[in-house]
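Asks: If you look up TrEMBL, you'll see 319 marked as active site, proton acceptor. Annotation comment: TrEMBL describes 21, 22, 26, 167, 169, 319, 346 as 3-phosphoshikimate binding site. Annotation source TrEMBL lists phosphoenolpyruvate binding site at 21, 93, 121, 169, 350, 396. Positions annotated as domain 'Enolpyruvate transferase' by TrEMBL: 7-428.
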Ligand code: S3P
């Protein structure tokens, strides 16, 4: 599938962006392991979250779905059944890494497989510490990559683990394994990372202790407890909103309202970075929904300028860098990102793949080991030329270059856009309504 984008200059309106992916995944996992019935509203009907849903159905959990409403009949901490075939995680790193922690503690064997992109992603970051807890996990791919096979029936013991990288997936995996481990599991993160697991475990009645370290947090929980079902309303995803925020900021005529977006402080780096670049962003109607802060995000056309991105904001905006690079190209002056080596192991190598695409569209940029330098061309109306972009099975690459068409002089074609359905199935329709000249070519 491809997107063909004809240049346009307007990006306006009120748009309901896709529900949060991280929270949708966790709602299925915790709802399945809880005692009682969990009702989820505004669940993300994207392929990634549906991979998690299917995996729990494959392990015997009764889950009903009516559009974005999901009812999960929890089976309790010891109620999962052996799947009869490998669990297919599709494109979803979150599903595979978080499920590793759950599966390591079951009394049955299991195997998880993924698509071409997921099959290249590192899994030792979870397999290593799980083994330290006593799990039997094998990464059977060529480079310690998927498929992942897990031998059941092991006794897990709690560990104190200092994560070498800032990863919410690794943290969550170990906390999940810790639910079944003997003793107190302690995970220390080098920097603050998204805390949806901690918040949702608390919402399901589990005792989770969080204490601040010099830069990140230390999270503790003791195994052997239970989860109690609760209702979850999923906010709109700030990561999906980021495409709309940048689009409105760079458009000649940009003015959008994005209602009820999750603004959990562990996710709002994109707002901070865009504001530092000069973007006109306001938050209205701030409130709490199911333990998560939400707000309406309003963004207007703005003159952006390049910045050195503060290091502490990197993990708080980790999924938003592809579209922030598009914003950087539309700024005046240079933008420098460092400390972001994690971008190289996302759905694609997001530093290299973005640099290749930006270069194709006429932007001057230099790839660094752990980041990128982008020379903005924000003085002119047109920033990008036309050209063909490869998205490398990466939804966020595809959506980022679609946004670039708001400052392009020529047609942009983006190849391999089917993965947009993993996180934001309504993307093409919504951005067309807002003003993009987007045509989907099957
Ligand atoms: C996620 C954590 C992040 C993020 C991913 C979702 C999560 O990954 O990039 O899209 O839901 O926990 P890392 O933990 O690898 O940084």
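Positions of Cβ are set from backbone N, Cα and C atoms, glycine also.
Context for these features, please: burial, neighbours, distances.
Replies: Within 10 Å of the C-beta of residue 319 (active site, proton acceptor) there are 23 other C-beta atoms, taking all protein chains into account.
Under the DSSP three-state reduction, residue 319 (active site, proton acceptor) is assigned to coil, being neither helix nor strand.
Of all Cβ atoms in the shown protein chains, 23 besides its own fall within 10 Å of the Cβ of residue 169 (3-phosphoshikimate binding site).
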Asks: Among 21, 26, 121, 396, please name the binding-site residues whose Cβ is nearer than 6 Å to ligand 1.
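Replies: Passing the 6 Å Cβ check against ligand 1: none.
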Asks: Checking your reading of the structure: which of the binding-site residues 21, 22, 26, 93, 121, 167 lie inside a 10 Å Cα sphere centred on residue 319 (active site, proton acceptor)?
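Replies: Taking 21, 22, 26, 93, 121, 167 one by one, none has a Cα falling within 10 Å of residue 319 (active site, proton acceptor).
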Asks: Which whole-number value in Å describes the distance between the Cα atoms of residue 26 (3-phosphoshikimate binding site) and residue 121 (phosphoenolpyruvate binding site)?
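Replies: Per the Cα atoms, residue 26 (3-phosphoshikimate binding site) and residue 121 (phosphoenolpyruvate binding site) stand 21 Å apart.
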Asks: Near residue 350 (phosphoenolpyruvate binding site), how many other Cβ atoms are within 10 Å of its Cβ?
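Replies: If we count other Cβ atoms within 10 Å of residue 350 (phosphoenolpyruvate binding site), we arrive at 25.
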